[in-house]
Amino acid sequence: MLTRREALLGSVLTAAAVAVVGAAPAMAGAKAQNVAGLPREKVTLVAPPFVHPHDQVAKGGPKVVEFTMKIEEKPLVIDTDGTQLNAMTYNGSIPGPLMIVHEGDYLELTLINPDTNTLAHNIDFHAATGGLGGGALTLINPGEQVTLRFKATRTGTFVYHCAPGGAMIPWHVVSGMSGAVMILPRDGLKDDKGKPVRYDRIYYIGENDFYIPRDEQGKFKKYDSAGDNYDDTVKVMRGLIPTHVVFNGKAGSLTGENAMKAKVGETVLIVHSQANRDTRPHLIGGHGDFVWEQGKFANPPAKDLETWFIRGGSAGAALYTFLQPGVYAYVNHNLIEAVELGATAHFTVEGKWDDDLMMQVEAPKAVAS
Amino acid sequence: MSFDPVFTFGTIAAAALIGLGVNHAIDGTLSRSRVPMALAELVTLAPGSFEHPRPGEFLKDNHPAPAPVAKEIIDKPLEIMKFQVTASDYDRCVSDGACKPADSRLAGNVPATGVSFLDAQAYANWLSAKTGETWRLPTDIEWAYVAAERFRADIEAGDGDPADPARRWLTLYRNESALGRKADPEPRPLGAFGANSKGVADVAGNVWEWTSTCYVHATMSGGAVASSVSNCGVHVVEGFHRTYMSNFIRDGKSGGCAVGTPPDNLGFRLVHDRSFLRAALRRLGLT
């Protein structure tokens, strides 16, 4: 155990040291001093699918928005059979929380790696510029913390993930270490014609592919710690066929009592991230009214989509106004992944049924002879 | 398979030799064979009648309605396995080449799981041939009678609202969620879920059971079924709640059409149809 841990830390530190050399000078600079005069706001993060309170249209000028995330290594159950993942998490959840700022704001994250953890971690923000997305400046050992600030220069939804160097990168990501940032235009979202659009609710769905090793009998193996599973897990990862494809860390995490809720007439923004692998969300019985497939709000949204494509390593956003009550399934429309591997969520939508949109003209009966 | 005192007391060996000398008592009393190799564990239920919500989907005035409740009569003693067919029972059928290996890798004194309706039927046919007696899956009515206070039927959502089909879908979804049953996938040794008031063990535990009743769409007129179309490619499965599965499904989690809690495992137990001749012989002390 101890040997394994030392080996992992060793390889991580080497990779990080190389990166830090090039990135360190970027810390200084005249512009950074201007930031000192900006107003600051502290935001408390909430676990997905929920999102911290935020303004859709920015009030006032740019500010520094402060977030804190604690990294937690802990076993998590990822399906109804009790299969266990030695998870690595940002703030205890898979995915990590969605962080929202506006264009021109500064996102300032304090990342804490408690000494109860066994591995070194960092964070690579796809929204950030330079320094390996911040990865080069944030590598921390158990018992350390670090604060990184980056300027939100481009609008959109962006993935963040752990990237502690070399073979550690994909392993940390498929152990749960990813999340998303949303950078809103200061004047809010706009439709394809530039007309402002708003949402009544927002949900954040992080999709994960997991690669759990099996024993000789074909049963999923359990490991005492993350380090113990590394060799076996990499073998499964190299096959590129996940054993689980799930939303929010577990098959069924967004169903039943935890199904997402909406009302007829409400507009919902669904942010969907996948840090590692392509996916294709589809709302069964609904649509994407306006979809930023690539997640970048400088591009006009696509309209009336049936299914949208989220590239591995990106986050997208879909805006939909529910028109009909009922139970909706939100799936990865590779239906094998949805049904067999776990990528299914539900919406329960209350409201008045519209016969004009749909009705059963005649109930099932024997074929007329 | 080596001799194991635990499973020789189980259903399999007992069931296979049931015709050779069984003492029967009515209602809740175990019947034990005196065959040295095995003790049969059957429960015989006295005839009776009870109120039973019928299986299937029911339409009234073109919209979904709750299942009608009918008075059902069990008119002769019902003899059923006290325990579900075990993995080692089932393995014997596999060894004989009459059954396909189950999906579950568990062996011994646990219920056979990972078996489809077709597998259950193959087992019943094999056991019947082996013993010269009739073994079969219970009907949905028989299962409900045996399950007694542990019978739940379908998760209901009441009358459909003709103006708003979504209302029923949402109610059903809520009712299923409200059951709050957590997945419990690992089969337990026989008897782990205890016996019900009829002395039948493990009813509505974490192994759902196949029945011989076909899925049906029925149209109601007044309180009665006016017409129906049945689909015997899908059978009623009973357990913690009632559900419907295609005949070839072995894993309830992948076979359910509902959004809610699927069966943890699929298994079965069998009814023993006594032949009158054999019963008469037994009464005369000739067996």
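One is the number of the first residue shown, and numbering goes on along the chain from there.
Just so you know, glycine gets a Cβ as well, placed from its N, Cα and C.
Automatic prediction, not curation, is the source of TrEMBL annotations.
Annotation comment: TrEMBL describes A:HIS121, A:HIS126, A:HIS161, A:CYS162, A:HIS172, A:MET177, A:HIS333 as Cu cation binding site. Per TrEMBL, domain 'Plastocyanin-like' is recorded for A:81-186, A:203-353. Taken from TrEMBL, the feature signal peptide applies to A:1-28.
Using a 10 Å Cβ-Cβ cutoff, A:MET177 (Cu cation binding site) registers 29 neighbours. In this view, the densest Cβ surroundings among the binding-site residues A:HIS126, A:HIS161, A:HIS333 belong to A:HIS161, judged by other Cβ atoms lying within 10 Å. Under the three-state DSSP scheme, A:HIS161 (Cu cation binding site) falls in the strand class. Each of the binding-site residues A:HIS121, A:HIS172 was ranked by the number of other C-beta atoms within 10 Å, and first place falls to A:HIS121.
The DSSP breakdown of the domain 'Plastocyanin-like' (A:81-186), given as helix, strand and coil counts, is 13 helix, 46 strand, 47 coil. The predicted model assigns the domain 'Plastocyanin-like' (A:203-353) a mean pLDDT of 96.
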